[in-house]
């Protein structure tokens with residue numbers, strides 16, 4: 001009783017330091033051998049001595065590829081084609097083009113991304129003086145631009161003789177007119193050895209839309225575009241390759257022999273990274289494909305998966321992956337855990353796989369179960385270098401598909417690649433079932449509410465992540481990981497009542513706006 005009175009009066013000198021320890025460190029938490037989801041966990045706030053704008057979200061996608069924002073769009077046929085991939089890269093992340101299509105269709109999608117934003121365009125579309133205005137019209141319809149250099153041969157490397165832009169062609173009715181009659185021949189050019197900064201300076205001063213780059217013989221070797229100056233100004237976080245300053249883009253493929261032909265075509269198109277798209281990545285097929293890619297296409301990074309255990313990680317790391325994709329049966333449209341009785345709660349899977357893979361400097365992508373900004377922050381806190389989003393981005397203007405209305409709501413279709421609908425189109429390769437007479441679905445088809453454009457939605461996510469890291473007292477993704485593994489960031493397990501308390505409650509009605 002005397003001890004209790006001392007505590008109540010604040011005079012007790014026998015306080016024990018362990019009484020004041022808040023929460024668990026990550027190792028204590030996951031030694032309990034429970035399977036945790038993101039919602040099961042909460043992180044405790046840290047000390048703030050910097051602004052949210054000072055938070056750096058620069059991170060690794062693979063061993064060799066960096067992103068300016070830890071966001072990746074999923075290779076699903078209702079999520080990522082060229083529009084999504086372009087905008088994800090402009091905003092600092094990356095898009096992975098799905099492969100529920102023909103090789104030719106996937107290659108076209110990749111090329112559209114790589115052509116969208118360039119430093120020096122080393123493979124510009126070129127025409128000859130004998131081509132017609134109708135040829136320019138076809139190029140504009142297919143690629144969306146009409147500023148075309150003209151060489152005597154109609155190919156890169158030919159002698160530059162002119163350039164054709166919309167100013168030369170807009171008001172000419174006869175589209176059979178040859179380009180020699182309308183092209184501009186009084187040209188301002190850059191020399192082959194000029195830097196990108198010098199080329200941009202010339203574009204600014206001459207107020208032209210295109211700047212042909214020529215060698216000492218006057219032969220066309222490259223092209224610089226004024227449009228790209230504007231894009232650099234409007235999208236300073238854009239993720240680009242180091243060599244040509246083109247937007248980064250990834251593509252998915254399978255592990256069949258026919259996928260080697262797809263890989264060759266994707267390599268020619270300039271893809272930066274490929275994801276081996278399988279619901280269960282620890283297979284002989286995937287290990288062999290990883291070795292094939294690293295042996296024959298050393299400049300292309302390969303991400304393996306999906307995995308959820310350390311033994312799966314070990315298997316693919318030994319095969320030579322540059323990154324891993326973690327998650328099995330946790331997506332909103334995925335039924336793998338329910339149907340196959342196989343998978344793992346995502347928070348536990350991310351922590352275990354990230355901790356193991358960190359020994360080999362192999363980054364992981366937390367794939368699935370992302371419904372809120374909080375889930376993104378938790379995935380990063382548990383060791384993921386980036387997060388992959390499907391349902392979060394489905395329903396945006398840039399996602400494939402058309403909007404439709406139901407019960408007054410504007411919706412877009414969203415389906416799992418393991419749904420019967422997607423399997424019929426080709427997604428069954430992902431589930432090793434393309435030869436099965438009876439298909440067993442591991443996903444569903446549904447719809448999601450219109451979210452507007454990713455040009456507004458993704459910056460909202462990025463700002464939210466920055467504020468979340470600020471609350472934890474971490475000024476970068478790297479600092480976050482160090483603080484988690486060092487025990488500075490503390491965790492607690494939330495009871496069911498705590499989860500209710502931590503979400504919207506006790507209201508008759510409310511509205512929830514993303515932006």
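Using the three backbone atoms N, Cα and C, a Cβ is placed for every residue, glycine included.
Swiss-Prot lists 334 with the feature active site, thioimidate intermediate, giving sequence analysis as the kind of evidence. Residues or ranges marked as active site, proton acceptor in Swiss-Prot (evidence: sequence analysis): 430. Annotation source Swiss-Prot lists NAD(+) binding site at 277, 278, 279, 327, 328, 329. Annotation comment: Swiss-Prot describes 329, 331, 334, 501, 502 as K(+) binding site. Per Swiss-Prot, the feature IMP binding site maps to 332, 367, 368, 369, 390, 391, 414, 415, 416, 417, 418, 442; the stated evidence is sequence analysis. Feature annotation from Swiss-Prot assigns domain 'CBS 1' to 120-179; the stated evidence is sequence analysis. Look at Swiss-Prot and you will find 183-239 tagged as domain 'CBS 2', backed by sequence analysis.
Proximity to residue 328 (NAD(+) binding site), judged by a C-alpha distance within 10 Å, picks out 334, 368 from the recorded positions 334, 368, 414, 501, 502. The average pLDDT computed for the domain 'CBS 2' (183-239) is 83. In three-state terms derived from DSSP, residue 279 (NAD(+) binding site) belongs to neither a helical nor a strand segment and is classed as coil. Under DSSP, residue 414 (IMP binding site) is assigned to a strand (E or B) in the three-state scheme. Cα proximity to residue 334 (active site, thioimidate intermediate) (within 10 Å) is found for the following binding-site residues from 278, 368, 414: 368. Taking the Cα atom of each, residue 390 (IMP binding site) and residue 277 (NAD(+) binding site) are about 14 angstrom apart. Here the CA atom of residue 502 (K(+) binding site) lies 25 Å from the CA atom of residue 327 (NAD(+) binding site).
As a summary of secondary structure, the domain 'CBS 1' (120-179) carries 16 helix, 14 strand, 30 coil according to DSSP.
The Cβ of residue 368 (IMP binding site) lies under 8 Å from the Cβ of 327, 328, 329, 330, 331, 334, 346, 388, 390, each of these being in the same chain and 6 or more residues away along the sequence.
Calculated from their C-alpha atoms, the gap between residue 501 (K(+) binding site) and residue 279 (NAD(+) binding site) amounts to 35 Å.
Reduced to three states, the DSSP call for residue 501 (K(+) binding site) is helix. Under the three-state DSSP scheme, residue 390 (IMP binding site) falls in the coil class. Residue 368 (IMP binding site) falls outside any helix or strand according to DSSP and counts as coil. All protein chains included, residue 501 (K(+) binding site) registers 11 other Cβ atoms within 10 Å of its own Cβ. Counting Cβ atoms from all protein chains shown, residue 329 (NAD(+) binding site) has 26 others lying within 10 Å of its own Cβ.
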